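Per TrEMBL, these features apply:
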COMPBIAS  11-20  compositional bias 'Polar residues'
REGION    1-20  region 'Disordered'
TRANSMEM  97-117  transmembrane segment
TRANSMEM  123-147  transmembrane segment
TRANSMEM  159-176  transmembrane segment
TRANSMEM  211-229  transmembrane segment
TRANSMEM  235-256  transmembrane segment
TRANSMEM  310-328  transmembrane segment
TRANSMEM  375-393  transmembrane segment
TRANSMEM  405-425  transmembrane segment
TRANSMEM  437-459  transmembrane segment
TRANSMEM  465-482  transmembrane segment
Amino acid sequence: MVPKVEKLNGSPGTETHTSIGISTTASQTPAADATVQAAAATVVADTKAQSSNDRLDEKLRGAGSGQTSIAMGEYHGSDYIGINEIPSPGANHGRKVSVIPLIFLIFYEVSGGPFGVEDSVRAAGPLLALAGFLIFPLIWSVPEALITAEMGTMFPENGGYVVWVSSALGPFWGFQQGWMKWLSGVIDNALYPVLFLDYLKSGIPALGSGLPRVIAVLALTIILTYMNYRGLTIVGWVAVLLGVFSILPFVVMGFISIPKLRPERWLAADIHNVDWNLYLNTLFWNLNYWDSISTLAGEVQNPKKTLPKALFYALILVVLGETAWRSVVEMVDSGAAAMSNMGMFVAEMSSDSFQLLGMAERGMLPEFFARRSRYGTPLVGILFSASGVLLLSWLSFQEIVAAENFLYCFGMMLEFIAFVRLRIIAPAAPRPYKIPVGTVGAILMCVPPTLLICVVLAFSSLKVMIVSLVAVMLGLILHPCLTHCEKKRWLRFSISSNLPDIHTAHVNENLMD
């Protein structure tokens, strides 16, 4: 027997794999056979030792960063691979989303235009509403968008913020993040069919209540859900078209209204009669969810460049749209407002469903959540998200906004902690886009939005607080239940072989041994 040693040389930054092939000949003797086997064993041992040394060197170089032999994530072109991984050709599922559709998906996940700002004006008056939409983006939107750009390019996969938290704090907290954010997104999405019909009921009074309204909500949800099923690229370009048609009337009416502007009306305010709960929740609702796009990062074309660029342009689009004055909004056609709600629905459902797929690919949810349709979309995730929308669509606007904001705040606090912790334990980990601040700067950047979160939570009603805390408790119970189901093999769980190891905690333990 003659040993045949093959070396499979990976691309730069990938691990070298060695395999032993055995070819047989008729003239071999037992003694020679034993000698050859011993030689083969020596080759294997030397190879393993060299591989072990290489991994130890890699660990020592990244000891402060928390990197393992399979790094937290590095880009080579548009692929998401670890330092010592061979890229998998099966990781691509159909066409990827380019920068223009991505901008409008972010736009709709965050805002969708100036529609909905009326409640902030009604709650606090024109002056506070205008000031809020000018100041709030600096306190909240800019930090959240920057963190999403850094973390989204660091972990360009469909789990998004679930993967960030899981990497920094462990899978238990990663699951809690996924549960709270998914529930918050579904609650948010339940709002858009209701708003869509509210904008149309002035022209079609039958949609105001009763059976026609119920049928309309059901039909609209099914149609928009089917659009998500057909593919993310379709959803992206539909978002572009809806964006153009919903923003265009606002731009036209804005120019028409210039001669009728009365700036002195913008200064009207009555501080003593401000509905702070409605005011803060409306501001928060209109300018959050920047991180939602991270759950689609695995479907984005060259995410290390596309994601930061799309977030930048979307931030400009959202801020310009939201700093509108009330008179312009009132003149905008209700049809444009209705189309805006359609765009927000399809964008939010895409994020929610792909988040469930990403969690299943990480083994946090049963394997069937990771199954894709023939269009590359997460069929089970779409069905679960649509079911949640239908179950919650009976809630009022204010209840929906307050409940989703409460859950969203908890999720954002976990994201801020994960962002800072990864800066501390993994400072040298690959970050294709990195916010140009150090660890102290990263901590300081999270202080204002964290204080804002505390204020929003403090103004929540007792009813919303109880319901939201019950939802949080369900997540704390659900995780051990799923873990038990996995141990008993009642449900099948698996981790996608296309994804690198994201957990960093065990690295320092290995280095200390």
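One-based numbering along the chain as shown.
Glycine is no exception: its Cβ is also placed from the backbone N, Cα and C atoms.
Model, not experiment: these values are computed from the prediction.
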For the transmembrane segment (159-176), which recorded stretch in the set 97-117, 123-147, 211-229, 235-256, 405-425 gives the largest number of Cβ pairs separated by under 8 Å? 405-425
Determine which residues of the chain contact the transmembrane segment (123-147) at the Cβ level, with the cut-off under 8 Å and only residues 6 or more beyond its ends counted. 110, 117, 265-271, 274-276, 278-279, 282-284, 286-288, 290-291, 311-312, 314-315, 318-319, 322-323, 325-326, 412, 415-416, 419, 435, 445-446, 448-449, 452
For the transmembrane segment (97-117) and the transmembrane segment (235-256), does the number of C-beta pairs under 8 Å, pairs 6 or more apart in sequence, reach 3 or more? yes
Which residues of the chain, 6 or more past the ends of the transmembrane segment (211-229), have a CB below 8 A from one of its CBs? 193-194, 196-197, 235, 238, 342, 345-346, 349-350, 353, 373, 375, 377, 379, 382, 386, 389-390, 393
